[in-house]
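Student: Quick paste of what TrEMBL says about this protein:
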- A:446: active site, proton acceptor (ACT_SITE)
- A:163, A:202: FAD binding site (BINDING)
- A:41-157: domain 'Acyl-coenzyme A oxidase N-terminal' (DOMAIN)
- A:299-461: domain 'Acyl-CoA oxidase C-alpha1' (DOMAIN)
- A:505-684: domain 'Acyl-CoA oxidase C-terminal' (DOMAIN)
- A:1-38: region 'Disordered' (REGION)
């Protein structure tokens, strides 16, 4: 379909994205003026973010289908209880699956992904898909043939049960046991202690019929470590828990109210031998344990999920928060910049720009970073499935580190956007509290971030030590690409002489490389010094973890700066877009340098005068980005229905919507029982006494 | 008692009871506080279901019920002293959120500050006894901290001797006042006063909004709840729209300014006096930061002593996560911050009371600095606390995300502090204005006094510029006094940079205001550095006052950690200003890690000393007895979703399976 044709079908962007209520027919003049003169083509930037104009067209087509279904509306979400949210999410999932069947959207298709995006992932059975994916990556061909179709047709509903009440990211610490009984050729799956109860898995509390349980395998009297087992937990007839199974919901949380995170206690539950996933290890009928892959292969499913959530869950939350906060900042007026002027748009305040533009720059930077990681993942994953694990350590280190960094920064960014909206950012109707409570969970799930940083640190140390081996050794040339800079020539001093020099990608990428290398060297040095002083390996590690985390963060910052600048090189044929994105790249790199100025000053790489130059370059960027800010958030192309924010609508009519939405709150439409029960007696009791 | 916590408590280097006395101000205060707390804990009338399992409207109902009981109980127990009222409320409300709260915290104080004797006679008695329930309506939908921008109008009509109140636009609708939505029947409304065709700016009016007896909104009044929020579920924050609504002339609070029956406006003698309430509330909020952060630290530290994870040495049992350096590095600087803010909060309260006495005698000389200091410290402590509570929550891993931890609740209840009573950025800029004024004063040859007196010693003010080069050798990283000096130098430097950049912009721009805006990032930095210095200074001074050696030793470690951690986090400022050398920064980082190890054995005792009852913490993870996992399981089983084994929504699953 040609672009013109698709535009004709979808109508102009205003129609497509707007909430379609009473105010949508007009634009608030304060937001309209922001869109008057466009320094770049917003549609082209949207196409870049979507990965091509045809993707944009397809996405919009799916969105218009989804938004025309009243069952899939998000607008009552803020008024619902946990129970209602759960039920609504199941209903929506059901509805989308029906749509998919009718329209021929296949499993894993772009259409289904876009459908999920347009309802903000507010759907049941998210973990069911992880269950299915894990079987595909850890199951044998026969196992896949048996279970995969059952999952696809929802004949069974799965969950992935790894985390326990007392144990999280550290897998070896899990206590659940699966003991092989050769007599019956069964595994006996059991929770031996209180802390061994499976805790947190989504879809477990009320939905799932089957759980993929991670448990310590014990066969022929030996413990063989963690393995995955398919355990039926609820009756397929009446959904009641099966014998030996204690199961339920873990209670209210900050968010994910649409998901029934649950607990699972297993009391000597027997499952057939065939229910252990055995692509990489198996137990023979007589109890012999056979290993078919490297131990790391068990972690694969975690790598898959870490990569998936960045683009599918974490990043859009930051992009939405930026859209809402920037739009609100141009219609909110507060105080005066000059006594003679009307009240100024808050986005015109330098302090407001300082709050909002670094997160906006991150929202773009991380788009390119997450896509780059996804490409690398696909590249290495095909090798791994064929049994070639050479790229696994780097993939593991990169995905762990970037998951930690992106989830940390996105969480801080969303909260910064929320707080930049003043009081109204505290109202759920702004949409921002829900974005925050959702994104903050990603700092913990799929690996606690500090633990993940330290996993990346181990990879960095190993890579660094490889560079220190004898000069002629073959290893030098074969450093993984993300750490190749460890052997690149390094400058002792930054050559910048003016503020403008700090706008050279080459210069700031090198600066980040320098700091990362210095900190990695430093952390290795600390570790070795402690070892030489007689500390044992593990204590020495623990005593240096703070600096390892610091070094890893610098490494990851370098990686993200580099990916962003390289992505921009590919956009040079679109100079207007290149220019606007380059400013974001500059801002991203410089913001990092200024927040960590101590690290750059420490060995004199940057002088005090150069820090001042960098600060000037940074401050000078703000007014340029100011001009494009609304367009940059428009380019994310979120529909009003998907944003679900009274403050962030495309047309800028925030106050009218806020008032109307508030009036619809049940606290206003239903009676006030507290008045009858308590307030009236309180008031009248006193009056009688007077 | 959980054996890990038992071991921690046995190994502490000091008696936490003595530290609790320091925090309370005296052993007598501790005793009386506990006495009051026990009154509530042993009172069946205050028992209710766990709030986490209730809907918003149920939580509101519980809060109203408790407020109603509370009024009777306080009278019965003879609790009248403001501090005692606070202890009482702290315990029974858990989070201080109560729908009738603004009647006491805003309505009555405003009446006292701005009402004439006749007005107080008329309204005070009935509002104290809750015959009327009042709230305070200032913020509008489109206008917050910038008061002059408020749009609500009160136009005087001499014919009837009434004010006509109007909300002329959507943005002028009063929005956010607590207790306004459903509970209150009166509001003090801030509105632009118009009389004899002229606008005289903002004034306060007592406005009846609901009919006594039926509680229905009065004609001309549109009032309701603003809908679901991040937190404050118990509170009916409301909106109020007035449509040609008439109130008698006597309902304008006229202690300072007046409108005569014929419409003549008489202006107030001194504007500064109205600062009083703001200064009081902001200094109270500094203490509130300390309390919220102390709660979060208590939960996170106790849980970290109970939780075992992973291994440091292979083959050994899983260690307590508090033994991990990364966990100590996350929590101990926050614990040190909690103590720092406790002492700053106490200082602010004392200073307010002292200066308030001066004001009573007509001496307003200290008010500008106090105003500037409370604004900045409110912003500095609430920003820090906001981030710190969230860091405590994250340090509890997945369970921190569950409401069982109590931490999400502490966070959502605290975070509005960054916005209300003055948006933090605006607060920082108010402090900056004072700093710039002081800088200019010094520059023109006059000395300044108080917390900003360091500006008198700026290198640029001195004759010998080589002073700068002497700085680095002065800093002794083991001396709190010397570190205070380092913070002072940093503040002086950043104030000077901001002042110079401001001057440069003023030369280049036509308007002072534009120049101010283009320097505002520097100005906020300067204010933050100033506040950071004040906190370090007050903490250091407090430690010196402690007599008991064991307490002084442990607080000295916390004070050092607080100061050194701040240097490490802002190393760029200290290096760039040549206040410290690179090797000193390296030493600072090393010393921080030594302090983590030194504080580790006292960590649990340090949070025990905050002396929070389990009820106040509202946390399964932070229980005093440490029996976390058993109670977590019990807590989850009580969740309403677990009332039936097969949930009714199973019907959706069933139909899904049959149709696909």
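Glycine is no exception: its Cβ is also placed from the backbone N, Cα and C atoms.
Quick caveat, the model's predicted, so the values are computed rather than measured.
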Student: Could you list the residues of the same chain, at least six apart in sequence, whose Cβ is under 8 A from the Cβ of residue A:446 (active site, proton acceptor)?
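Tutor: Long-range Cβ contacts: A:302, A:305, A:306, A:309, A:403.
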Student: Report the same-chain neighbours of residue A:163 (FAD binding site): residues 6+ apart in sequence with Cβ closer than 8 Å to its Cβ, ordered by sequence.
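Tutor: Within the chain, residue A:163 (FAD binding site) has Cβ neighbours under 8 Å at A:198, A:199, A:200, A:201.
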Student: With DSSP as the reference, give the number of residues of the domain 'Acyl-coenzyme A oxidase N-terminal' (A:41-157) in helix, strand and coil.
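Tutor: The domain 'Acyl-coenzyme A oxidase N-terminal' (A:41-157) comes out at 86 helix, 0 strand, 31 coil.
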Student: Please report the number of other Cβ atoms within 10 Å of the Cβ of residue A:202 (FAD binding site).
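Tutor: Step by step: centre on the Cβ of residue A:202 (FAD binding site), count other Cβ atoms within 10 Å, giving 22.
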Student: In terms of Cβ proximity below 8 Å, which recorded positions out of A:163, A:202, A:446 neighbour chain B?
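Tutor: Of A:163, A:202, A:446, the entries that lie near chain B are A:163.
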Student: Please give the average pLDDT for the domain 'Acyl-coenzyme A oxidase N-terminal' (A:41-157) in this predicted model.
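Tutor: Mean pLDDT across the domain 'Acyl-coenzyme A oxidase N-terminal' (A:41-157) comes out at 92.
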Student: Going by DSSP, is residue A:163 (FAD binding site) sitting in a helix, a strand, or coil?
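Tutor: SS state of residue A:163 (FAD binding site) = coil.
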